[in-house]
Amino acid sequence: MEETSKVGKIFRILVTIGIVVWAAFTLNTGFYVDENGLLTIYKGIYQGQHMFTDSWESLQTGGFLAWPLLALYYQVLSPLFLSLGINIGLVLYMRIVYMVVRGLIALYIFYTIKNTKYENSAYYAALFYFMFVVTWKNFSYKSYCEMAVMMIICFMIRYYETEKVHYFVLMGIACCVGILGYPTMIIMAVFIGCAIIFGMYQGQVPGKALVAFVITCFVIGGAFIIYLHLTSGLPQAISELQFLGDQDYEESVAVRLGKLLLSYAALAVVAYFPIVVINLIRKTRYFSEYAEAVILTIYWVAFLVGICLLKWDSVSNSRFVYACIILFFWLPYFLREKEKSSYTRIGAYNNTLGNDKGILWMMFTVSVAAQLIWCVSTNQDISVPGHMSVYAVIAVLIIAADDEMEMIGLVRFVIAAATFFLCFWVAEGNGGYSDVTKERWIVTEGELKGIALLPEDYMANQSVYNLVSQYVGEDDYLLVAFGSNSTGYLNSVAQQGTYSVYARTQKNTKLLDYYTMHPENMADYVLIDQSNVKYEAFREGETGLFLLNTYTQEIATDGNFVLLGRGDAQ
């Protein structure tokens, strides 16, 4: 068989090396608007922003996780890179670390699956995970959560293989990483706690496992609360929690959740259409598993290609996520079919989850829980919670690559699609389609050093760098209008004079409320991109009028950017 042959092993090694090299070669390509936004948020925490008071950004807790990496960069590596002439800035450094961490997790997945019945599928599971980048190749609330949940799944499997309780301590740590990355993930901690209690009821998990998990979560949570009290002060932080989030959501949580569930229902219909047809045919005539595998593979490929062709100029990895959701819906069907011919190696497993389908059902259940959690808090479409279908997709690949199945073609098409979105498609600008073949210029100054940008983005970044590096000092406070759309905060040594990089200065007055409560954080300078599509709305809005009437001193201009200072500045 291919999986065990020397030729097959050599081929896999060559494929892996090729993908890793290609991923490394294209790692510096493009720059996505939200990558800029999240790094800016995390940088603010490193600079000393007090959580929930100096910042009203709901995603700021991820800065607690990024702080060690930022400290290593600013205090050690950045001066070293400069002295050695190495063209690596903050953005590229964080991408490198992110992909290294992702690679390490992929290796652990390989080790974990290798020690189950599905050892022949370990390679495909690990390779797909490595390539399934959540929107962009960097740390974010999305990637923190996705990595944390993946580790939770691995620790669950390892516990049922070894029955060592310390894996519940590791689950608690991973769960806290997810919560810090995205606070709504606290629901996942409750879910895991309930799962442990259920396991205790079934006689599969000892009571000390629950104790280990709960104590770990409370210790880490307590440490974070102490940190919060020592920096922001608990009373002040609690009083300002009401300002977190986005005040411009036009729909309630119930309405947003309802729309997302309808989207899932629609994709479920699409997913099960061929399965229903196949089973109707089986009622009247023989239909082989091989024929079913071929039909489902062709159907999945046609679906992915079709949704990409609908709007070729706006293809992004969200299209791949839609296709992954199809696989998510197929998993229960594959598990049901698996029961007919499944077997368990004698002496290999001694509990329910340890058998062949128990592991995969667990992955499906965790995927469902993670997607529901994200549905509760997102204001975006199904592609955002759909990223959490990755665990179910890995389970599908595990089944499909198994010796008993005839769907190796599906596995290879899924791997090929993941390769495209990792190594060829690029997350850039505000989204849409972009690829590594487009002309780009490599940045040589500022925190985007080493990043290859489109010519227009390169010029904009250079203008921003020139202004903030020449006129804004580390003791100043800087406000960047439409902050996530330009690199002003990343390239500046100044403090951030705003409640969030995503402050909607063109749409609401939340910034004015922030300045009223925290006049000490009011910006000394305002950087404005006059070519931004939001500029006209900014000029006409209450916040924009206040800023333009307050910051009347034109310090300098560069390209489409203007740097303004307060009119009362001496």
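Each position is counted from 1, following the chain as shown.
From the backbone N, Cα and C atoms, a Cβ is placed for every residue, glycine too.
Counting residues 6+ beyond its ends, the transmembrane segment (12-33) has Cβ neighbours under 8 Å at 91-92, 95-96, 99, 103, 123, 127, 130-131, 135-137, 419, 422-424, 426-431, 434, 436, 440, 442, 448, 450-454, 457, 484-485, 487 in the same chain. The transmembrane segment annotation in TrEMBL covers 12-33 (among others).
Counting only same-chain residues 6+ beyond the ends of the transmembrane segment (64-84), those with a CB under 8 A from a CB of the stretch are 42-43, 45-46, 51, 90, 93-94, 97, 139, 144, 177, 180-181, 224, 227. The transmembrane segment feature in TrEMBL is assigned to 64-84 (among others).
Annotation source TrEMBL lists transmembrane segment at 96-114 (among others). The list of residues near the transmembrane segment (96-114) in space but at least 6 beyond its ends in sequence, with Cβ under 8 angstroms from a Cβ of it, reads 20, 23-24, 27, 69, 88, 121-123, 125-127, 129-130, 133, 137-139, 143, 147, 150-151, 154, 157-158, 394, 398.
Residues or ranges marked as transmembrane segment by TrEMBL: 120-136 (among others).
The transmembrane segment annotation in TrEMBL covers 166-198 (among others).
TrEMBL lists 210-230 (among others) with the feature transmembrane segment.
Within the same chain, residues 287, 292, 295-296, 299, 303, 322, 325-326, 329-330, 333, 375, 381-382 sit at least 6 positions outside the transmembrane segment (261-281) and bring their C-beta atoms closer than 8 Å to a C-beta of that stretch. The feature transmembrane segment is assigned by TrEMBL to 261-281 (among others).
The transmembrane segment feature in TrEMBL is assigned to 293-312 (among others).
Residues annotated as transmembrane segment in TrEMBL: 318-335 (among others).
With a threshold of 8 Å between CB atoms, the same-chain residues lying at least 6 positions outside the transmembrane segment (359-376) that come near it are 116, 118, 145, 149, 152-153, 156-157, 160, 184-185, 187-188, 191, 195, 253, 256-257, 260-261, 328, 331-332, 335, 338, 353, 384-392, 394-395, 398-399. According to TrEMBL, the transmembrane segment annotation covers 359-376 (among others).
Non-local neighbours of the transmembrane segment (382-401) in the same chain are 3, 109, 113, 118, 120-121, 123-125, 128-129, 132, 134-135, 142, 145-146, 149-150, 153, 260, 263-264, 267, 318, 321-322, 324-325, 327-328, 330-331, 334-335, 338, 359-360, 363-364, 366-367, 370-375, 407-408, 410-411, 414; each lies 6+ residues outside the stretch with a CB under 8 Å from one of its CB atoms. Positions annotated as transmembrane segment by TrEMBL: 382-401 (among others).
The transmembrane segment annotation in TrEMBL covers 408-427 (among others). Here the transmembrane segment (408-427) has long-range neighbours at 19, 22-23, 26, 29-30, 32, 35, 124, 127-128, 131-133, 135-137, 293-294, 296-297, 300-301, 304, 315-317, 320, 323, 327, 393, 396-397, 400-401, 433-436, meaning same-chain residues at least 6 beyond its ends whose C-beta is under 8 angstroms from one of its own.
Non-local neighbours of the transmembrane segment (318-335) in the same chain are 264, 267-268, 270-272, 275, 296, 300, 303-304, 307-308, 357, 360-361, 364, 367, 381-383, 386-387, 389-390, 392-393, 395-396, 399-400, 414, 417-418, 421; each lies 6+ residues outside the stretch with a CB under 8 Å from one of its CB atoms. Remote same-chain residues near the transmembrane segment (166-198) are listed as 58-59, 61-62, 64-65, 140-145, 147-149, 151-152, 155-156, 158-159, 205, 209-210, 212-217, 220-221, 224, 365, 369-370, 373-374, 376-377 (criterion: CB distance under 8 Å, separation of at least six residues from the stretch ends).
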